[in-house]
Amino acid sequence: MDRLRAAIDEFVDKVKEAIQGEPKSPVEILLDQHLSLEEELISFSPKNCTAVAIPTMSMHDFAARTRNIVDYPFIMERIWEILIDYQHDPTLMRKALNLLHHLLVNGSIQVMKDCQDSPRISFLQNLVDDYNRFEFEQYQFSQHLDVGAGVRKTAAEIVNYLVNERELFYARREAEKLQQSLSERGLRPPLSPKHGQSGHSTTSSFRSEERRPPQYADSFYRSSAWDDIGSHIITHPDEMFEEPETRGTRPHPRSQPSREDMRTQSLPKKTPEQRRRSERREGQREGSEAAKRAMTDSVDLLGLDLITLDDTPQQSYQSACRTQSDRLPQKFTATI
């Protein structure tokens, strides 16, 4: 009897697996929870309170999962599926665009590279220009009923980041500083480790104590400290996203010359006109110094003390002679 009961239970389990399909991965469970494609989930009940907006913790969870070889395709596929096939649902569209905006600023650089494809930029630009605008204009008193305004605004910000990489660079840098500041205060998980470093992961759910399998970068275990949500398998590492105009030209800090080296560096070459002016000034300076030396020698031969040479050589010589003639006897003065 027990064997028959066990066989029936096994048969029932197999039938359930055949009907429901393969078991879902943790990232698919999170996507179904926050970006569900079922119409029944869209409600304002406390049970489905996340239908209007995705919680911040889950947003950071998705951003960390974009660096995972397993999770990244699921996330991006769900976002673009909603943007293309579910345009009749402005709430779901706004949630998907908000998540895409968050991934651009906090996620992997691969998100930006994938979204910079020309067809995708054109699609997002069409959302900015036309989404729900025709339906909005059909109503005379619909100034406050434009349900597509949030979609157009978020899509415009995304397009601006994709076109102007400089603004995206500053946004990512500010987000990294904020994340670091909150992590130091214990208010946010630490930043994801760079590629090549080992790390563990936590998700918004801590019900299970199971460790993440080494071949799959996902787990539901609780740690004593806030461990990173990243994975053991990294395909989209945190690349050095430098400022666009200076990318590749900025020297390494250790290779920058010291102050002493900068002092000993050769000056730029002079133009021919500058060289001629320099030579002319040097010649005038040498001639003036030679004249002063000649006047000094002449005064010394006469036994006179040279008082000043601030004036021209001739004026200085006459002034010196006039000063010394007052001191000499009358006879010697007449001789001079």
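All residue numbers here begin at 1 and follow the chain in the order shown.
A Cβ is built for glycine as well, from the same backbone N, Cα and C atoms used for every other residue.
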Range annotated as region 'Disordered' in TrEMBL, from 137-156, 317-336 | 317-336
Determine the mean pLDDT over the domain 'ENTH' (29-172), rounding to the nearest whole number.
-> 84
